[in-house]
Each structure stands twice: as C-alpha cells, then as structure tokens.
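A.B. asks: Sharing a structure below in structure tokens format, with a few things to ask.
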Amino acid sequence: MHKPISALIRIQLKMQYANVFKKPSVVIGLIAGLFALLFLGLIFGGFMLQVIEAMYTLLEPSGNTNIILGTLFLMHFLIVFIFSLALIMNTFYFTEDITSFLHFPVQSFQLLVAKSLNPLLYVYLISAAAYLPVSIYYGLLSGAGAMYFLYALLLFLLIPLIPYSLAAVIVMFAMQFINKGKNKDRSKVIGGIVGFLLLILLNVVLRMQQDPEKIAQLLASSSEKGGLLQVATLYYPPAALMTNLLTFSASWQALLYFVAVLLTAFLATLLFYVAAQKFYLKGALGLNTGSGKIFSGKGVSQKQRSIIHAYRTKEIQTIFRTPTFFLQCVAGALVMPALLVVIFFMGDFSTAADLVKDIDGSMLFVVILATNIFSIGLNPISIVSFSKDGQSWEAHLFLPLRMRQIVLAKLQAAFLINLLPIIVLFLVAIPVLQMNVGEALLWLFLALLVNAAVTIVGMLSDLLYPKLGWTEETELFQNRLASLIALVISAGSMSFLIAFLFALKLQMLASLIVTVLYMCGLIALLLYIISRLLKSADRTTLTR
Amino acid sequence: MIQIDHVHKQYGNKIAVNDISLTVPSGKIFAFLGPNGAGKSTTIKMVTGILPVDTGSITINGKDIASDTIAAKQEFGYVPDSPDLFLRLNGLDYLHFIGDIYGIDRDVRTERIEQYAKMFSIYEALGDQIKTYSHGMRQKLFITGMLVQQPSVWILDEPMTGLDPKSSYQLKELMRQHAANGNTVFFSSHVLEVVEQLCDEVAIIRKGELLFQGTLPKMRERFQSDESLEHIFLELTQDA
C-alpha cells in the first residue's frame, strides 16, 4: 500500500474508532444497532425471498429466471448509489476536519481513499443486506454449484465500488460549483435535502408494488416481452455482465464475464481517481471561509432579551446554521412525515380515509396518539440537547447561567423545532384522513403533549449518555446509546399508555383525561430525573 | 478582588494545584506565570467556576464561586485560552448573546459593540460565523465580548496569543486603564516581556505549588538578582 495512504487510513481509523470499543455503553449501542439491523434485514429479507420464490416459480418454465439477478443488480446499484451520495457529501465536504488534511503533501485521491473507509463500511453493510440474501437464495433455488457462490461472493466485494465511485464523481463535480456559491452552508443544506428527496423517490419506487405476486407477475410479463433485463442493461449495462456471470457460473464463459466486471469496477475506480485529482480540491478548498461580505451594521442595535430568550435563540441559530444539525433535526423532521405518508398510504389515500372511518371513537384516539408519538419520536433533536454544544459547553460553566435556565431554553428550542413535523403531518393528515374540526383539534392537542414528553425523554437520554467530545457533528447521530435509550423510554412509556387505553376501551373524553394525567405525571417525573442527573454529573463532561 | 484560599485540586493521584493561597488586589494588573502543565489553567478554571475545587475557597469581589456561583460569575469577564466557542454563531450574535446574559441595555450595548469591534478591526466581519474567523479574530471577538460586558474583574488566559501588534498594544492600554480605575486584571501569559512592562504583581506556579507572589522589585530583591524577569523565571522553573 502506498505509504501516505496507509498513514492516512491509520489516522482516520484512530480518530473514528480508537475509543469506540473502550466504552461499554458504545459497545452495547453497537450490538443493539447490529441486532436492529439484523431484525430489519430479516423483515426485508423475508419479504424479498417471498418475491424471489414467486418470481422463480413463474419464470422457470420460460427459462428466464436470470431476470431476477438483473433486477437485483439494478436495484442494488440504485440503493447504494443514493446512500453513497449522502455519505460522500458528509464525509468529503461537510465534516469539520476537512481542512486539517489539506496542507499535507498528499494527493487528493490518497486523502479520499482514506476518507472513504467509513462510508464504504456503511455501503458494504447496505450491500450485504440488499444483495447477499437474494443472490444466495437464488443460488439455492436454482441448485447452483460452488462456482456460483464463489462468483457471488466476489461480486459482493466488487459491485459496491461502481455506484460508490459514480456517486463520488457526481458529488465532487457538483461541489466545485457549490463552493463558488455565496452562501456555502445553504448550498450544503440544499445538497442534503436533495439526498433526502432521492431517498423518498427510492421509497416511492420500492412502494409502487408491494404484493410479491404482483411484482412477480409484472416482471414475468416484462420478461416475456424481453423487457426488464434490457431495461436493466440499458440503464446500467454492468447488470447484464453480472447476471451473465452468475447465470453461466459453471462454464468457462463465466471467467470472461468476471474479467469484464473486474474491468468495470476498475474503470469506476479510475474515474474516482480522476475526479478526486481534478475536482476535489476545487470543492473543498475554502469551504469553511467567510462569505467575504462586509458587515453593514444592521442589527447592532437590538432590544434586550431575557436570558432564556437569548439562549433559546442561540440554540435555534446553531441548529439552523450547522448543516448536519439542520439536515438531521429540521430537514429530516420535515421529510419524515412525508415518508410516513408514502410508506403507509402510497398512492391510495382513499384507503386511509376509509380506514379511519371504520375506527370508533376510543380507537381513533389511540390511533391519533400513536401516529403523533411515532412522527415526533423520529426527530433526534433533543437527543443532542447537551452533546451538540461540544467544546462550547465550557462556556456554560463560566457564564452566569443557572442550569434551570439552560434546561428550559434547550427544551423550548427542541419543542419549537419539533413543531415542524407536527405541522407537516397535520396539514397532510387533515385532507387524507378527512378529519372534522374536533378531531383535528384533538390531534393538535395530543401532538403538543406528546412533543413535550418526547422532547424531555430525548434530553434525559442525552444526559444519561452525553457525548461532548466529538470532532464532527455526524458522530452525534451514529452509534449512540442515547438514541436507543430515548427510543426505549419513549416506546415503553407510550406503549404502556396506548395498551392501557386499548384495553379499557374508554370513551374519547375519558381517554383524553387519562392521557393528560398520565403525560403530566410522566413529564414531572422526567424533569425530576433530569434535575437529579444534572446534580450528580461531572459538570465539565456531564458524565457520572 | 480575587481571593484564592488554600485551594487544592487533584486528578486521580496527580496533584494539579497544591494548597494555593493568592490575593489578586483591586487596582492592579496581576500576572500568573508558570511553565506548561504547572497548574495555571487549572487554577484559572477553578476561579471562573469551570472546574470545582477539591478543598479551599475562591471569592470574587467577596462572592464565593462555589456557594454564590451566579453572583460571583456576574463579577468577572473571562477570555479563555482557546476561543473556539459558539463557532456557528456569527460575531454579532455572540456579542448580543453576551449582552443579554449580562443584562447590558440596548443603547450601552450598541455603543460598546461599535466602539470595541471597530477598535479591534473585527467590525466588518461581525456578520460572519465565528468558525470562519482566524485564531486572532476569535480572540479579539471574545475580548470585545468582555468589553461589552465591562465587569470589574477581568480574567484573561493567554490573551495576547494570536493578536496582531496593534491589537496587542490596545489590549495592554485597556488593561492599564481598567486597573487604574480601581478594577482587577488577572491574566496568564508566557510572554515575559509583556508581563515585565505591564504588571504590578506576579505569581509564579510550578508543579501545582506557588513559588512566589509579589511585585517585580520584590522578586528581584528576594532572589537577589538584577536580571530580567525571563532570567529569574527560567532559574525558578528550571527543573519543571
């Protein structure tokens, strides 16, 4: 390995993972995360395998089963490509440490190979979930020999490089123009939002048909017209090479196809190299510099604000001006309700309204409550309440601020930002579910109550497992036990309430009273625990 | 006035500050010296309430930092050694934030922001985020923040680091003026020439122990030396 690359890789590994396995809490978080991934993989895998089996049965008589592989490679390309766009933007451009490496006498591609370690790890995890179960199951169904599985494994190692490299080339090409933009942070945010929109688009594509039989029939009819494999080949030619490689794995032709795939991956990597050398520095240099605008004096005179008002404004300004926080806590929160609608009611809103009409009063209450909990609970804003301050936390210790003021201002900021998904969901839900005024008001009231409780749960989780010593903001949203704890406490406390209401089947009004009492009790208890935690914590690190 | 009374701080088995007692009087510029790792920053962090003291007490203008925390913190302004705080705020947001926290009213605040931001040549950059500032500009912004607040006690940790000669000169003038008005200036520095020309009193710390506190003439008298402060300092801390 080239010496600078190995040195850069070593330092990247040390910076990202050196302390990961030292803390038991992180190890527990990682294990829990892996289990969650496995669980999701099993659900997705189970569904996919049903599709594969149905398709295989349908396509076997005509001998067109290789359509399955063609589709697999095309879908794999799309999924990895879209995820790579977001990962690469974050790692290559948005992290705070990008300037730390720019003065070293290393080539751009060497730096980017080292920086690719972390995103590639995620890419291979996604690949493992999307590609391995289907390809292995296909091999078992077709009674393939050992060479099939060997080639399938080699493909697993090679194929993520193609979408990853192409995504990197596109990002690097685009970023050189974004860097010339007047408001760089805004450009970063727009880039991130495009990533989110692509995710929604992918979801729409995936949700177009969700019945395994229907998918199989659609694919079978396409194959009869000789359609889908050609489509796959047209939009992503390497899919045909990969399909042929596995289809003819037992013959000598396979070797030729393998060489062709190898060359394709090499070509993609070469493109990565060329783009890195030609475009990366143009996009990265000066990304963290000032706007060059001369301050006009506007806003120098400003009305005096209360401490809580000033602190709350500071919190909101920090969140809106930090691309990672903005994307995770604001853009993500706005996109999630839209994603929920796509996931549950894609293209068939009449079903949603019918669904609600069939629910009686007490159940409607439970449904509204559960939807609110789910939509608000997805926003990670309060889970980074304290941790997002990072080294600025020190300022809280020498400024004349009471902990009560800090907590209150942070809660208010998180509560206000959490109102965004509520508003979006509310605006979408009223026409979709055809709610009357009473139901809409009930929705809103419950949303505010749930927002308060979930926000406090997030803050509590952040205090239980704080992370002030981060080097880049993205670390706050990856592998954190606080996220898991927040999920467990929110889900646990809210499921208890929902189960209680579900079991008692109370009238709407009685349900409302029980919910209000329960939530107020919960909020008081959580605030008490937060105050105890703050008293017992080391004030410089917030750990105990 | 800052009163440090038998303060002790320990990290595990390592003693960072060992039973230090120090009086920083009003109307004086007081320098706190010592080699790297001597315990200067730990002491300053205890004075400012960033670190808790293990034993002993610290008062600022008679207010105890441990028991009367908020009142004590209202008494001083602090410029940290690494001004990498609130990086996502722009310069003006930071100054208003400080103004609001310390309750500086609108007119006074506007006047001070304009006066000191222009004095330190950062006025034109007030619309930019702090993260885009150079080290020196950040330092100047945090000094401006303290001047907007105008507390009676100034605590400055390595305040000259990164400052251009003009700003450094202006800060020294402001320190002199502040002390001449009967206020307290407590600062740490490695630039001994600055200390020599600026200070009324010095304290030297080594390995957590206070080696000396007093005026420069007293120091020369005690160590029977006519050499420069640099020479005496090096002698005192030679095995540090």
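Heads up, residue numbers simply count up from 1 along the chain you see.
A Cβ is built for glycine as well, from the same backbone N, Cα and C atoms used for every other residue.
Below are the features I grabbed from TrEMBL:
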type     : residues  : note
TRANSMEM : A:26-47   : transmembrane segment
TRANSMEM : A:67-94   : transmembrane segment
TRANSMEM : A:121-141 : transmembrane segment
TRANSMEM : A:148-177 : transmembrane segment
TRANSMEM : A:189-206 : transmembrane segment
TRANSMEM : A:254-276 : transmembrane segment
TRANSMEM : A:325-345 : transmembrane segment
TRANSMEM : A:365-386 : transmembrane segment
TRANSMEM : A:407-434 : transmembrane segment
TRANSMEM : A:440-460 : transmembrane segment
TRANSMEM : A:481-503 : transmembrane segment
TRANSMEM : A:509-530 : transmembrane segment
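Tell me about the setting of these features in this model.
C.D. replies: Same-chain neighbours of the transmembrane segment (A:254-276): 107-109, 111-112, 147, 151, 154-155, 158-159, 161-162, 164-166, 168-169, 172-173, 238, 241-242, 244-245, 248, counting only residues six or more beyond its ends whose CB sits under 8 Å from a CB of the stretch.
Residues 319, 325, 328-329, 332-333, 336-337, 340, 356, 359, 393, 410-411, 414, 417-418, 421-422, 425, 429, 439, 442-443, 446-447, 450-451, 454-459, 461-463, 466, 468, 476-477, 480, 482-483, 486-487, 490-491, 494, 497-498, 501-502, 508, 511-512, 515, 542 of the same chain sit 6 or more residues outside the transmembrane segment (A:365-386) yet have a Cβ under 8 Å from a Cβ within it.
With a cut-off of 8 Å between Cβ atoms, the residues of this chain six or more beyond the transmembrane segment (A:440-460) that come close are 365, 368-369, 372-373, 376-377, 380-383, 385-386, 407, 410-411, 414-415, 418-419, 422, 425-426, 429-430, 486, 489-490, 493-494, 508, 512, 515-516, 519, 522-523, 526-527, 529-530, 533.
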A.B. asks: For the transmembrane segment (A:148-177), find every same-chain residue at least 6 residues outside the stretch whose CB is under 8 Å from a CB in it, and list them.
C.D. replies: 73, 76-78, 80-82, 84-85, 88-89, 92-93, 112, 116, 119-120, 123-124, 127-128, 131-132, 135-136, 139, 142, 191, 238, 242, 245-246, 249-250, 254, 258, 261-262, 264-265, 268-269, 271-272, 275-276, 279-280, 282-284
